[in-house]
Structure formats: structure tokens, C-alpha cells
Amino acid sequence: MNTSRLFSLFFQGNLVKRIFIGLILGLLVALVTPTLQNVLGFNLAEKVGVLGTIFVRSLRAVAPILIFVLVMAAIANKKIGAKSNMKSIIVLYLLGTFLAALSAVIAGFLFPSEVALATKEDMTSAPQGVGQVLLTLVFNVVDNPLNALFKANFVGVLAWSIGLGLALRHASESTKTMVSDLAEAVSKIVYVIIAFAPIGVFGLVSETLADKGLVALGGYIHLLAVLVGTMLFVAFVVNPILVYWKIRRNPYPLVWTCVRESGLTAFFTRSSAANIPVNINLAKRLNLDEETYSVSIPLGATINMAGAAITVTILTLAAVHTLDIQISFFSALLLSVVASICACGASGVAGGSLLLIPLACSLFGVSDDVAAQMIGVGFIIGILQDSTETALNSSTDVLFTAAACIAEENKQV
């Protein structure tokens, strides 16, 4: 009975609660390891740390193929409405995502974060400036597609997935359906791996804290504060500026309504897709154009990913600072562009934004092993980070839709 209850605790129910339990158990193991080592004759934290290593290797294995099929399927099957103000909404979505990534770059430089990693590699090939980063980017783009998958060249994987996705837009419906089914199949594998996240976090926390000490928690707390702080800045400073640009009046009543009615629900559901009915209901109560919001809100749940762009950017810069890689601000600016593109592929996948971190890390020569460890760090702080990210993403969907609709009404008056 006890074994059955323990199994249910780790593999069923709310993922956030299970990760929190894994975090607490990992902390306890790290605390008791020095005492038990003399009794047991081995390092308990080191032994359970293998669980974290297996989890990280699983993430490394699935990330390249996930990005490849997900982006390809999304582009091949994308249908954008013909409404005149849809273009305005899409511009807001993409501009908002880019400005969120740019805000994250600035925050990453102003408040640099470092976290404890299992390995700190000697990064002798660290990029010297934006020129070298761009040259590396071009070389990675023209890589052989199979080699890109085998070597985890995420930029090459992204380039080929975009190219094939655009080509497949003209394919038959049966071919598009097959591509979508393939993406769904890979996503299901990801869900299985994510189900083991509590055990992975348990192993990672145990080994990290036993090795680095409780001081390692300070790095996690600082990183989380930078992430959440940047998301709040985007929600209450950047987004209102964009809304004012469209409607030319005080944006905060509308911003607050969207955060209260949509963001709060999304914070607890942790799913932009699950929050679509909430956003549609809010759009209806705001008397927005139904033909517009019925298309723009589901589309926003797919491509409007400001929170994901912030997560990818901040965690990538944390890896860069941890490894003491010197990069220019313009190189980091390129990161914000890549993070914006990456974020559009994060929708509908468990831990989607975290699984795109290796792609961004590859810009600066960070190994896929270290990048995978940053994914693990993301899961550790994900108890709060993921909820805040989803709240920002989902509330922005209805906010930008409302701004575009109001701007359209103002033109007609």
C-alpha cells in the first residue's frame, strides 16, 4: 500500500506538486548525506544523483527531434485568418514577444545570474563578438540535416524545419495530417519524459546541494527573481506602452482587466490552450469583434509567447554567466531574435520553453550537456516560473486582441 501511494505521488496528479515533493526530498537527502555517509559507506546524494543524470540525458535526446517536427508541423499547417485587423494583431504578438526577449537580455546583463552545475567546461571556443556569432550561425544553418539532428545542431535543425514547413504548406492535406500526427507522437514521448521530472529534480537537487552546499539555493532564488521580475516588467510596462500605441488612451484599465480575468486563471491552469475559453469569454464581455477574436486568441496561444521568450533568454544568459563566457550586448541582442523565434514553437508542449534552451545556448558555444542541465534548473524553479510565464502569455493574447479591435473601432468613428 505504501509503495502504491508513493508511486501515485510521483506519477499521478498535479505536476507542480510532484516536482515540489521531489525538490523537498532532494533537499532532505542532501542534508542527511554527510551524516549517513559514515554509516552507509557510500555517498547517498551521489547515488540518487544518477536519477538526475538520466533525466537530463533523456531531455538531450528528445530536444532535437522535438524542435524539428514541431516547427515543421506548425508552419505546414498554419492557417491565418483573412480579417483586415489580423495583420495588426499578429504584428503586436511578434513585436511583444521580441520586446519581451529584449527586456530579458537587459535584465540578464543588469542582474547576472549564476547557478550550480554538475560540470563547468572550459569554453575555449567562446565567441568574440557578434561577427563570429553570425558566422557560426550561417555555418550551422547550412549543415546537413541528418548531421544537425545527430550532433544536436539546433540552429541547423530549426533552419531545416522552417524550410520543410514552408515547402509542405503546398502539400496535400493527407501529407499535412501525417506531419501533424508525427509531431503529436513526439509530443507524447515528451509528456512521458516530463512525467519523470519529479524524480529527475529529486536527483539533481540531491547531488547539486550535497556537492555545492545550501548556498546553491541562493543562485536559484536570484534566477527566479530575475525571471519573475522581468515578466512583471513586461506585463505592466512594455505591454501597456504597446497598447497605448494602438488605442491612444490610458491602457492600464484594459491591462488590469486582462491580468485579473485571464492572467489569474492561467496562473493556476498553467496552460495557454486551456485558458482559451476564458479569453474568448472575456473578449465577448469586452464587446470585441467575434470574427477577430475567434481566430486571434487561438492563434495567440500558439505564437504569442512573451513569457517563453523571457525564460529562454534568461536561462541562456545564466548558462553563459555561469561558464564565464564573455559576450557582447549585440550578440545577446541576436539571442533575443532567436529566442523570439524559438518561443513561437513552444506552444502545446510540456516544458516547451525549457526544451528550447539548447537551441539558444548553441549560439554561444555552450555544450548541449550544460544546456540540458539548464533545462533541469528550469524544472527546479518551474513551480513559480511556469505559472507566471503562462499568465503573461495568455493575458497578452486577449490584451493585444482588444487593443487591435479598439484601434479599428476608433478608425471607423
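Positions of Cβ are set from backbone N, Cα and C atoms, glycine also.
Swiss-Prot lists 19-39, 61-81, 89-109, 148-168, 189-209, 223-243, 297-317, 325-345 with the feature transmembrane segment.
Proximity of the transmembrane segment (223-243) to the transmembrane segment (189-209) is not established, fewer than 3 Cβ-Cβ distances being under 8 Å for residue pairs spaced 6 or more apart. Counted as Cβ pairs under 8 Å, contacts with the transmembrane segment (148-168) are highest for 61-81 among 19-39, 61-81, 297-317.
When each of 19-39, 61-81, 89-109, 297-317, 325-345 is checked for Cβ pairs under 8 Å to the transmembrane segment (189-209), 19-39 comes out on top. Listed as Cβ neighbours of the transmembrane segment (89-109) (distance under 8 Å, sequence separation of 6 or more from its ends, same chain) are residues 80, 226, 229-230, 233-234, 238-239, 242, 246, 292, 296, 299-300, 303-307, 309-310, 312-314, 317-318, 321, 329, 332-333, 335-337, 339-340, 343-344, 392, 396, 400-401, 403-404. For the transmembrane segment (19-39), the residues of the chain that approach it from at least six positions outside its boundaries are 9-10, 45, 48, 197-206, 208-210, 214, 379-380, 382-383, judged by C-beta separation under 8 angstroms. Sequence-distant contacts of the transmembrane segment (61-81) (same chain, at least 6 residues past either end, Cβ-Cβ under 8 Å): 90, 148-149, 152, 154, 157-158, 160-162, 164-166, 168-169, 171, 176, 179-180, 182-183, 186-187, 189-190, 193, 291-292, 295-296, 299, 302, 344-345, 347, 349, 355-356, 358-359, 368, 372, 375.
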